[in-house]
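Marked as transmembrane segment by TrEMBL: 6-25, 32-57, 63-88, 100-124, 144-163, 175-196. If you look up TrEMBL, you'll see 287-339 marked as domain 'PAC'. Look at TrEMBL and you will find 327-354 tagged as coiled coil. Marked as domain 'GGDEF' by TrEMBL: 381-513.
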Amino acid sequence: MATVALSVLFAVAILIATFLTGLAWRRRHEGAGFAAIAAIAAGATWWSLATVVPLYSRDPTTVMIAISLLYPGVYLVVGGWWATSRALTNRFWRLDRRSLLLLSIEPVLATIAIATNPWHHLFIEQIQPTAINGAYAATFGPLFWAHTVYCYILVVVSAVTVFRMYIRQTGRYRGYLLAIIALFPASVINLTGILAGGRLIDLTACGFALSAPTMYWVARHSTPALAPVVHREVFQNMTDPVVVVDPAHRLVEANPAAAGLLARVGIETDDVARNIELLLAQLPENAEGDYVLRNVRGIGIDLSVRVSPLISRNGEPAGSILVAHDITEQIRQTEQLRNQLATIEALRASLAEQAASDYLTGLYNRRHLMTELSAALEREAEFAFVLLDIDFFKKINDGYGHNTGDDVLVHIASRLSSSLRPGDVAARYGGEEFALLLHGMSAAEAVAWVDRLRQTVAAQPLPVNGVEVAVTFSAGVAVGNGYRCPVSLIDDADQALYAAKANGRNRVEQATRHLTPTAPPSR
């Protein structure tokens with residue numbers, strides 16, 4: 001009856017452990033914890049299969065071989081638990097070659113001791129029948145006890161590692177305590193079996209097989225997604241450069257990203273402690289907040305630095321933590337964008353000026369003149385409006401050619417531009433006609449000013465192919481006071497211009513309301 005009950009127990013344990021091995025192994029890429037659980041479950045399966053043999057075999061040699069072959073399962077269970085403890089407490093942990101080599105030393109020595117046991121009996125002294133239907137069990141020698149002490153040291157160290165993390169994370173990761181509790185049944189069963197001195201069948205494998213689902217649950221809900229991230233690993237793996245300094249600005253620690261950045265600005269890793277003040281010197285004293293360091297150490301690197309104070313538990317300043325970003329490229333792009341915007345604005349202004357300017361003379365065009373004239377009338381300020389026309393311009397064109405005619409237009413425009421006061425407006429009104437908007441001038445002042453300009457132009461002939469071409473103009477002046485419509489003002493100035501033409505040209509006339517010559521003269 002006992003044999004049947006134990007057989008059922010081992011069968012259930014083997015099925016659970018086998019299923020869990022496959023389940024955890026399929027998720028091994030999600031975190032090291034799953035691979036470790038797979039190792040525990042696989043070890044429990046192997047251990048259970050080897051332990052079943054003594055239940056049915058009464059051949060001492062067969063039983064001795066089965067007991068000797070169960071230890072690879074023991075190695076997997078113990079080593080898997082150690083790996084699980086590391087994975088539970090550090091999500092970045094991976095089993096490296098060095099750790100694997102160290103873990104393999106004791107199993108290799110134990111395997112050698114088991115393989116040579118027939119000659120020294122220091123691992124397994126003998127096998128003897130038990131009270132369970134005469135099934136055989138082993139009694140052990142000193143090498144076995146050394147192996148057992150090693151295994152329990154490894155298990156206890158692993159349990160302490162998990163328990164310490166549980167204490168630090170109490171209330172957030174209750175699964176750690178379950179992982180520790182899951183060890184107790186298997187450990188109690190194991191100690192009971194080995195201390196019985198060969199009188200009981202070893203049920204340790206069943207204990208681990210039945211505890212494995214609990215450990216899988218812990219791994220499923222605590223790693224890799226929920227396992228706490230070790231602060232040191234976070235610090236080392238941050239892509240942002242981080243530097244910690246004490247209150248005296250002495251370097252406490254710098255992560256690899258910071259070391260790389262410091263190397264870029266000309267501070268070698270070995271010189272960081274001595275040269276960190278060179279960077280901090282660019283920050284205000286007792287700096288806190290965000291700062292931009294331009295052209296650090298004169299090598300063209302720009303940094304954005306956030307300085308956060310560190311406060312000790314007793315409230316005293318403990319230093320500062322500096323998180324830096326290399327914003328060289330960002331600033332370069334910003335400056336490039338600013339230059340592009342400036343270029344666009346300059347082009348816009350140029351286009352606006354071109355839209356308001358006459359192509360030939362460079363003066364304002366008629367459209368812009370009308371805008372300025374309307375604005376002046378709305379302000380109801382004193383100003384004078386002048387229309388002037390080049391005398392006998394058609395004869396100049398016919399006699400000297402259109403190019404000379406263009407030169408005359410440019411010549412007059414140049415004299416107008418150079419004579420204007422700031423704020424006054426000169427425009428090409430059309431053909432050989434020009435217009436002036438003279439702010440703050442009365443009628444008499446405007447007539448006198450334009451007449452002086454007329455005399456200056458008349459006294460400076462335009463040289464053309466060795467011949468001096470006399471250039472004169474006639475002008476009509478109207479004062480803007482009392483006008484509401486630009487058209488009326490322009491009409492009166494135009495009538496004054498007609499009067500100047502009719503009265504002999506090369507003269508200036510002042511407009512009076514409804515001033516009309518007997519017939520418009522030829523211009």
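Placed from the backbone N, Cα and C atoms, the Cβ positions cover glycine too.
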Confidence over the domain 'GGDEF' (381-513), expressed as mean pLDDT on the 0 to 100 scale, is 90
Same chain only, please: residues at least 6 beyond the ends of the transmembrane segment (100-124) with a C-beta under 8 Å from a C-beta of the stretch. Say none if there are none. 64, 67-68, 71-72, 75, 79, 82, 138-144, 147, 150
DSSP-assigned states of the domain 'GGDEF' (381-513) in counts, ordered helix, strand, coil: 59 helix, 37 strand, 37 coil
Tally of residues which DSSP labels helix, strand or coil - the domain 'PAC' (287-339): 12 helix, 29 strand, 12 coil
